[in-house]
């Protein structure tokens, strides 16, 4: 039964409520509090088990709305009180109708046996026979004959003949069994089915041969001697012993479990082979060995030499990569070639990015703050472009707001001073003195030919200090690394004047020659130095870089030998064709096939 029923508006005001006999307190307050706390839920579907609730709520809503429609429209919902709506009688009427409609109907009485159709059936009609159609035909024929005889012989004789004919018909259609025997046989069949007994025997036909159970031996196209050992259908040690009897050369031990069977078969066949062995050698989960990397490293060494890397340097690079990778576990689906190539690329980038970085602009500003010029000395072999790249660096310094003094210390080559004077005139035309407070941005300091280069450099540095020049660029004569007198003169110039930066100018076209040049230049500077810490080459200017395409191996050779960075790269014939080296671009060009 219902204990409580309330009707409230959309705004949450209770308009009418019904309280059952078991309810002693008002539900108006709790309902309003529940709605104000915005926890309004309808739970009657889960709580109440009454079947008429849904229809009853719809009927009450429609009836209440139709009855008090006008009052609700005329007055505000906030002004209604609980006793304004006399809806109790209507509510009880609707409740009684809903409860009455939900009452269960009275159960229908069962029919008696005489009223059912089963009472009309005879025992004869319920008997099932195997020879159904034949027995029916025979029964029909015998019954007709019985009727004819009955008509002739009279009532008693007709009854006797009919009984005899029916009995014979039953015996003929059921293999000569009587009705009692048939019932007993059917009863035995029924009990055997219920008790799970064996099925009755069928007709004596020859049974079909059963298929042998178990897994058949697999037939291999290219079969070996130990085919019987690959039979996994056995569950005990008998199969393995049979296999050994069949093959006297078999070495597998008797198998006592499926796991041991797999292990022994692997011993016989020699482990994974074929495609699995090939994949294991190509992809991951493999420790690299010297034998694995040797073919790849040989190809890499030849490739580096073809790109103008010195042969000795290429061999040392490949050996260092091999030592670094030996014993390393390869990544998944990573080939040996790709692993070696990546390690070589990382090593080349590290070589081209030495720990010491040359920042000329920062060093010039620091020297200016100390009121002294920043001195740079250029050295190298003949014809590599020392004077031309000196002029390019002069233009770069002027563009950055510095004044430059060029010291012509090449007193051996004819035309060396005139070449520098031409560069000075052209640079001043590009940057007129009028735009720089009347002072020339670049000036040439020269004392002619046949003079001591070290003395000229010393006078130039003193002149630059007095005149307030920011940078002094010292041009030296080109000399071969095997010319001892000239190498001694260069070492003297550097030892006496102690320049801030010594740059070696070399061609990007050379290969093995680059190693020989740098080694002997550094050796000469060390031999003719009077201090325990000789002044060696500080950086490299690589010229004619625009003429080598992707054969950039000289950059690797020079930086590997000296351990010093490549400060500038010459890429053309104009003053602006001066670049800084992009290490990753050089390595990419070097590794390109």
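Each Cβ is built from the backbone N, Cα and C atoms, and glycine gets one as well.
Computed from a predicted structure; not experimentally measured.
Per TrEMBL, compositional bias 'Polar residues' is recorded for 111-123, 233-258. Look at TrEMBL and you will find 127-154 tagged as compositional bias 'Basic and acidic residues'. Feature annotation from TrEMBL assigns compositional bias 'Low complexity' to 155-167. Under the heading domain 'SRP54-type proteins GTP-binding', TrEMBL lists 565-578. Sequence annotations record features per position, and here TrEMBL assigns region 'Disordered' to 105-181, 193-258.
As a summary of secondary structure, the compositional bias 'Polar residues' (111-123) carries 4 helix, 0 strand, 9 coil according to DSSP. Looking only at the domain 'SRP54-type proteins GTP-binding' (565-578), the predicted model's pLDDT averages out at 91. Secondary structure counts, DSSP: the domain 'SRP54-type proteins GTP-binding' (565-578) has 0 helix, 6 strand, 8 coil.
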